[in-house]
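Below is one structure, written out as structure tokens; comments come after it.
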Amino acid sequence: MTDTLNAPDRHAGRKSLNIPRGWRLPILLLILWQVSSEFSLIDRRFLPPLQDIVAAGWKELTEGDLLVHIAASLGRDIAGFVMGSIAGVAFGTLLGISKIADRFIGPTFHGLKQIAVLAWIPIISVWFGFAESAKIAFVTLAAFLPVALNTIEGMQSISPQIIEVGRSLCFTRRQIFLRARLPSALPSIMTGIHLALIYSWLATVGAEYFMAVGPGLGGLIISGREHFEMDVVMLGVLLLGLIGYSLNKIAETVEARLLRWRDG
Amino acid sequence: MTDIVSSPISTPSVPWLERVQRVVTAFAIPLAFPAVLVLLWHLASTYELMPEQILPYPAYVWDAAVDAIVGGDLLKQISFSAGRVTAGFIAGAVAGLVLGFAMGFWHWLDDHVRPLFTAISQVPTIGWIPLLMLFLGLGEALKIVIIAKAAFIPIVMNSSAALRSIPPGYLEVARIFRFNKLQRLRLVILPATVPPVFTGIRYGLTKAWTALVAVELLASSEGLGYQLNWARQMFWLDTMIFSMILIGLVGFVMDHILARIEVRLQRWKLTD
């Protein structure tokens, strides 16, 4: 409560430390980490000193094939993401514009989407084997769901007046679709695709955990865990987060650019 | 029966008949598509278009379901999973609400914690599992922590945003009415934050359920996820399909219950 009173000169800060507030906690934790592992307050195997993680990264990069792992994961991610998004837009459009399709297939789709996506892994691995195709199939499924869902919603939420205007201007069905439905559904579709990008990255890692054959970041983490190489596991988790974060940022930028017409 | 229905005088039975018709159309159309799928599935396995290891008879899935229900095994697995998800979710929700509201109230706390929180939330839950396995082993603690973390993130995000998004006008009105702090909390702040906070809670429960499936698939010796993984190793497709349906069903029921509670809470907001 006192804070609200001090709010105006919040950024003036105290003279003692000029570290930005957001950095203080992480820096403190890192120092604690480093100190406790240097002085072996905690078993080094559990909390390796920071330089070990950097060293592990360097070693994997130069001697191991970290880049191969990353490339393999990204390749799967993108393949599944693209296929899933295309399928999702197509399926979502069908259900979005056709009442009959929506009434017949919609309930089944909404029922199936209740199944936590990871629960599909066993059956997909039986159907597709443990090969590359199984992983990509799973990523495709994970990308498909949010895109399909948001496309349906976007297509159905168009205001009837817009369609009426189209009709009174004697638009053909095709024109109504291309000039009215599609543009008005676009923001929603973009949201779906954005979600799909996040989900497909999760799914890539998940697929690699369960079908840990061949290169990939998930496989790297799992094998690091099996050999109790904490530094490799931490490196993997760090990369996971970094790549996920970058993908998210890219999607945000692209989305903002594509939807610029709305503000203009 | 037929007599009453066919007689034109008995008007009271007509709405009844209409209702039956409506129920039939409400269920028949949505069920038509899955029925066709099951029929195709049945035909495909009857004519051996697909090997049985890939697509078992629908009847086998049914048998597996009946066996599990009658044998009591099902109840055991569900109660394991439900227990875990409840414990983890409550832990995550309580921690999330406390931190979220604290971050909403105190800017300095938000400034300190937000970047670290964002960094942690960037690594997907599934990414934490192998790391935490090394710290916590494969026991119950691992599952609870993973589930709690999954629920924690969206709840913190929504509850910290909820306090900030109270329209200033509400607080102004409270000031004009000279509400004391307690009244302001009870009559303004709580009702105004219920909808966004509850969205976070519902989202958190969905996340918790997904996390449970993940962690049970990876490291467990009981529960629905384990049953699914076990079926995969034994190539029991019937059990596998049945387990998937169950996972979907339990997830749906939990979300539905929360949706009901949400409606209730909003009603309280309107009437109180």
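Every residue, even glycine, has its Cβ placed from backbone N, Cα and C.
Any TrEMBL annotation is an automated prediction that lacks curation.
Remote same-chain residues near the transmembrane segment (B:20-41) are listed as 55, 58 (criterion: CB distance under 8 Å, separation of at least six residues from the stretch ends). Marked as transmembrane segment by TrEMBL: B:20-41 (among others).
Sequence annotations record features per position, and here TrEMBL assigns domain 'ABC transmembrane type-1' to B:74-258.
Annotation source TrEMBL lists transmembrane segment at B:85-108 (among others). Cβ atoms under 8 Å from those of the transmembrane segment (B:85-108) belong to residues 114, 143-164, 197, 200-201, 204-205, 208-209, 211-212, 254 of the same chain, restricted to positions at least 6 beyond its ends.
Distant neighbours of the transmembrane segment (B:128-156): 84-85, 87-89, 91-93, 95-97, 99-100, 103, 117, 120-121, 197, 200-201, 203-205, 207-208, 210-212, 214-216, 218-220; these residues of the same chain sit at least 6 beyond its ends, with a Cβ under 8 Å from one of its Cβ atoms. What TrEMBL lists as transmembrane segment is B:128-156 (among others).
Within its own chain, the transmembrane segment (B:185-205) is flanked in space by residues 89, 92-93, 96-97, 100, 150-159, 161-163, 165-167, 170-171, 173-174, 179, 254-255, 258-259, 261-262, 265-266, 268-269, 272, which lie at least six positions past its ends and keep a Cβ under 8 Å from the stretch. The transmembrane segment feature in TrEMBL is assigned to B:185-205 (among others).
The transmembrane segment annotation in TrEMBL covers B:234-259 (among others).
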